[in-house]
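> Sharing a structure here in structure tokens format.
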Amino acid sequence: SCDTTQLCNCSSMGLDFIPLGLTAKITLLNLAHNRIKHIRSQDLQQAVNLRALLLQSNQISSIDEDSFQSLAKLELLDLSNNSLSHVSPVWFGHLFSLQHLHLQGNSYRELGESSPFSSLRNLSSLHVGNPQFSVIRQGNFEGIELLHKLWIDGSNLGQYEQGSLKSIKKINHMVINIRSINVFSEVVRDILHSVTWLEVRRIAFSVAAEMQVLRVMSSSFAKKISFRQTLLTDATVPELVSILEDMPKLVELELADCRLLGTGQWKMQIQAKQSQTLRVFTIEKLSIEEFYLFTDLQAVESLLSLFTRVTVRNTKVFLVPCRISQCLLSLEYLDLSANLLGDQSLEHSACQGGWPSLQTLNLSQNSLSDLEMTSKSLSHLGNLIVLDISQNNFGGIPDVCEWPKALKYLNLSSTQISKVTTCIPPTLEVLDVSANNLKEFGLQLPLLKELYLTKNHLKTLPGATPIPNLVALSVRRNKLNSFSKEEFESFKRMELLDASDNNFICSCEFLSFIHHEAGIAEVLVGWPDKYVCDSPLAVRGAQVGAVHLSLMECHRSLVVSMICVLVFLVILLLVAVGYKYHVVWYVRMTWAWLRAKRKPKRAPPKDVCYDAFVSYSENDSDWVENTMVRELEQACPPFRLCLHKRDFVPGKWIVDNIIDSIEKSRKTLFVLSEHFVQSEWCKYELDFSHFRLFDENNDAAILVLLEPIQSKAIPKRFCKLRKIMNTKTYLEWPLEEEQQEMFWFNLKIALRS
């Protein structure tokens with residue numbers, strides 16, 4: 001169950017005990033989801049280099065005192081969701097390197113009379129508690145001075161001894177699941193100056209009198225407060241707002257999956273002191289049972305003038321009162337996506353004088369249907385640069401529209417429009433009209449740099465003359481069957497053209513032009529499963545990406561005029577044999593390999609400036625750029641990743657960019673998915689990067705499996721890649737949130753190895 005990096009996965013094997021024969025080579029041992037009940041002294045004695053030990057979701061009820069004595073290098077220990085009735089400090093006495101400890105979901109009622117964690121000087125994250133957890137005693141957290149994350153499941157916590165958390169000097173993110181307001185206030189008293197982000201879950205603020213005990217919270221130095229699955233009422237909202245206003249460093253307030261009982265008719269007027277620090281306010285999936293009776297929020301008008309970012313998503317908002325919009329004087333970012341805004345209500349919401357500083361507005365997934373009315377309602381927003389009105393049902397599009405004068409980015413994807421007209425503003429630099437019913441595109445947009453036409457019904461490329469400054473064009477998933485050399489050359493500034501997933505019937509001249517003469521930094525064609533070339537030198541029904549024809553083979557008339565019929569038949573026979581055994585492909589790749597051999601295999605250490613080069617499909621860019629990159633580049637210490645969108649040198653040939661990036665990176669991280677195999681796999685430049693990397697026989701490749709794929713789905717000629725996929729252990733992206741922290745830990749270990 002162990003791979004070459006000694007990561008051993010023995011999860012879900014029905015084991016009743018820790019297996020025998022563990023050696024000092026093992027660095028990660030995953031024994032989760034088994035039936036282990038007891039950890040013995042000798043079980044882990046030889047695993048002296050173990051960095052991560054996963055024992056969650058077993059039936060462990062007892063642990064010998066010296067079971068972890070030899071694990072001085074252990075960094076992560078997960079004992080969550082077992083049957084431990086107590087926590088012993090002796091277990092952790094020799095875990096000097098431990099950074100992450102998970103103890104939640106057991107059956108202990110308390111942590112003991114003293115601190116079980118006093119020897120864990122490097123602890124970074126700690127998860128404790130369970131539904132039976134009822135007591136926190138003074139001294140339970142002694143020895144811990146700094147935590148990145150503290151998670152306490154105290155849903156039935158009934159007793160908290162004052163000073164228990166005061167020994168922790170700094171907590172970056174604290175999550176507490178708690179029901180008792182009195183106990184919560186005692187906890188808050190101890191973390192006033194230590195917590196940066198406080199996240200409170202499953203608490204109910206239902207009675208105004210109970211809120212007085214939370215007055216101590218107004219002295220907290222927290223910069224962000226999050227309430228999740230929290231109950232609020234008309235009686236408690238004013239009290240809570242008053243407390244939050246007094247917090248001297250509060251910058252961001254978040255309400256997620258919360259429930260409000262009331263209609264906004266608060267019994268006492270909110271006496272706004274207008275917090276001088278609060279700038280970001282997020283509401284997501286707020287449930288208001290009588291939302292149709294909700295008032296105009298006049299009571300909170302004076303609180304809003306300093307907000308710069310407001311998000312109210314998936315909350316059934318059908319109107320923003322004009323007076324509220326006019327009070328948002330500093331607002332630069334507004335997200336009202338996934339709500340119920342219609343054309344009339346938007347006109348009222350974006351009234352004259354409303355949102356005067358707004359630069360970014362997201363109105364996607366609402367009930368807008370009249371594009372002319374939508375544009376006119378927003379036309380007075382003189383600072384608006386980015387507008388997202390995707391996933392509305394406009395259907396038709398008028399000839400003339402009135403837009404904000406500074407608008408540069410417009411997203412009209414998935415809006416059911418069947419044509420584009422001069423309604424589209426000429427000031428745009430980025431336009432997205434993907435997933436519509438467009439059959440042609442011929443607008444005059446002189447400033448446009450990026451155009452996204454994915455998933456439409458185009459049969460030809462848009463003309464280059466009306467969009468002379470276009471840098472990136474995506475026409476994926478249309479009905480293109482060919483485009484000419486002249487169409488290519490007319491885009492003089494083009495750096496990226498994505499025309500994959502179309503209906504190309506390719507000619508040899510077309511293939512040759514794309515590979516040799518296009519002059520565009522990156523061309524993605526992505527042939528269908530079958531295509532036909534009109535030259536007799538090309539074999540009908542060639543598989544995806546199999547044909548890379550030479551210039552000589554494409555000039556049929558020249559060949560016929562220079563050689564006799566007999567030689568022509570011999571060449572035809574040779575081509576047929578070459579096709580069967582992929583000779584043409586191997587010749588081209590050998591040529592590329594010989595060129596690369598003239599360069600050093602690896603850049604000098606001083607030139608290695610990245611931890612990893614990331615190879616991924618464009619379809620997976622959302623997960624890579626918004627999830628993986630954020631997690632790794634914001635880690636401590638941060639990793640430096642090389643992404644083609646961000647770090648490639650503009651104007652440089654894509655193959656050279658890839659080679660240079662691999663040579664200047666310690667690792668190459670492949671994010672594997674069906675999209676990766678079916679589309680990007682066929683791209684010649686990426687083929688070359690894989691070929692070069694695996695030819696060097698190093699262990700610098702890290703495979704992340706984003707979704708299940710079969711190795712047999714990879715073309716057979718990539719034998720070395722198929723081999724490494726059959727022998728190298730993947731890091732699989734888990735859908736369950738509780739397993740994702742382990743995934744990030746494994747990935748960081750692999751990147752540092």
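The first residue you see is number 1, and the count goes up from there.
Glycine is treated like the rest: Cβ placed from N, Cα and C.
TrEMBL does not curate its annotations; it predicts them automatically.
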> Which of these, C351, C423, shares a disulfide with C401 in TrEMBL?
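Answer per TrEMBL: C423.
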> Hey, how far is C8 (disulfide bond) from C401 (disulfide bond), Cα to Cα, in Å?
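So the Cα of C401 (disulfide bond) lies 62 Å away from that of C8 (disulfide bond).
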> Using a Cβ cut-off under 8 Å and a sequence separation of 6 or more, which residues in the same chain sit near C351 (disulfide bond)?
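Within the chain, C351 (disulfide bond) has Cβ neighbours under 8 Å at C322, S325, Q326.
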> Counting only residues 6+ away in sequence within the same chain, which have a CB under 8 Å from the CB of C401 (disulfide bond)?
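Looking at Cβ-Cβ distances below 8 Å from C401 (disulfide bond), excluding near sequence neighbours, one finds L371, E372, S375, K376, C423, I424, P425.
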> Let's check the environment of C8 (disulfide bond): how many other CB atoms sit within 10 Å of its CB?
22
> CB neighbours of C322 (disulfide bond) within 10 A?
17
> For the disulfide-bonded residues C2, C423, work out the Cβ neighbour count at 10 Å and name the residue with the minimum.
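Output over disulfide-bonded residues C2, C423: least Cβ neighbours within 10 Å is C2.
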